[in-house]
Amino acid sequence: MWEALDDFYWTYQSLIHGIGVNGILALSVYVVLAVGQLSLGQAAFMGVGAYTGALLSVKFGAPFAVSMVAAALVPAVLALIVGGPTLRLTGVYLAIATIGLGEITRIVFLNWDYAGGALGLSNIPERGGVPAIYGTLAVLLVGLTLVARSRVGRAMEAMREDEAAAGVMGVNLPRYRLVALVVSSAMAGVAGCLSAHVSSFIGPNEYGFEAAVTILSYALLGGIGSPLAPVLGSTILTLLPEVLRPLADFRLMVNGLIIVLAVLFMPRGILPWRIARTG
């Protein structure tokens, strides 16, 4: 049996890693959406974390734990710097601003020769793996579930449902927005570092607009009724291309069609709102 499990792991290693990393990314975008903000900057923060962790490992031989901490701190500081001006925007305007941030970040990586430039950064030592990825996912999932059921979680829900009413009730809107952005960026950075150390290669085009939309779609599909919902959405979207592989050239079209239908007919996500809140 153990031999069969070992064969399964080595066959689907990339998929297993992807499900865990994407689950962390789904939680990162959930934190921003939970306070009623629409951000497309998660891919940029993931990229900053990936390059920070990878450069520390490749260029300086830093321990994996140090790379992980730095991969969380650097995107968090970046979010703290850009959060002030960008969080004055709302809705589609905030989304456009974060798209711009993502594109600036991608261009910096593309032209940064020290980090490999357009060729990317290779020979990243393989570290972490399944224990680090799924351990991080479990800790974040439990932590955010506890927060969602606390006074802070109720304040976040009030902001999401009616921001003006939440402000009247005494919720400090700017502080909650900024904290949500900083926490979500740190989570995305950790996901980037974990991904870099299992793939052994990163490139600037991995963290562009397409990646940002994909990360957002995890929450759109799963919903934001609870932290578990976007993780469920990310798992489905990660597995779909593999499940649809027999369809060859049609699989991307079918994949997109499934997402569109899910968003149209289940606008609150595939995990029903009441179940998500009580689950």
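Keep in mind that glycine also has a Cβ here, set from the backbone N, Cα and C atoms.
The feature transmembrane segment is assigned by TrEMBL to 12-33 (among others).
Remote same-chain residues near the transmembrane segment (64-84) are listed as 45-46, 48-50, 52-54, 56-57, 101, 127-128, 132, 177-178, 181-190, 192-194, 197 (criterion: CB distance under 8 Å, separation of at least six residues from the stretch ends). The annotation transmembrane segment is assigned in TrEMBL to 64-84 (among others).
Taken from TrEMBL, the feature transmembrane segment applies to 91-112 (among others).
Taken from TrEMBL, the feature transmembrane segment covers 132-150 (among others). Through the fold, the transmembrane segment (132-150) approaches residues 17, 20-21, 23-24, 27, 30-31, 34, 64, 68, 156-157, 187, 190, 194, 198, 226-228, 231 of its own chain, all at least 6 residues removed from its boundaries and within a Cβ separation under 8 Å.
Below 8 angstroms of C-beta separation, residues 14, 17, 20-22, 24-25, 27-32, 34-35, 37, 39, 41-43, 45-54, 57, 64, 67-68, 71-76, 78-80, 83-84, 87, 116, 118-129, 132-133, 136, 140, 156, 215 of the same chain, each at least six residues beyond the ends of the transmembrane segment (178-203), sit close to that stretch. Here TrEMBL flags 178-203 (among others) as transmembrane segment.
The transmembrane segment annotation in TrEMBL covers 215-240 (among others).
Positions annotated as transmembrane segment by TrEMBL: 252-271 (among others).
Residues 37-41, 43-44, 47-48, 51, 82, 118, 204-205, 207-209, 212 of the same chain, all 6+ positions outside the transmembrane segment (91-112), place their C-beta atoms under 8 angstroms from a C-beta of that stretch.
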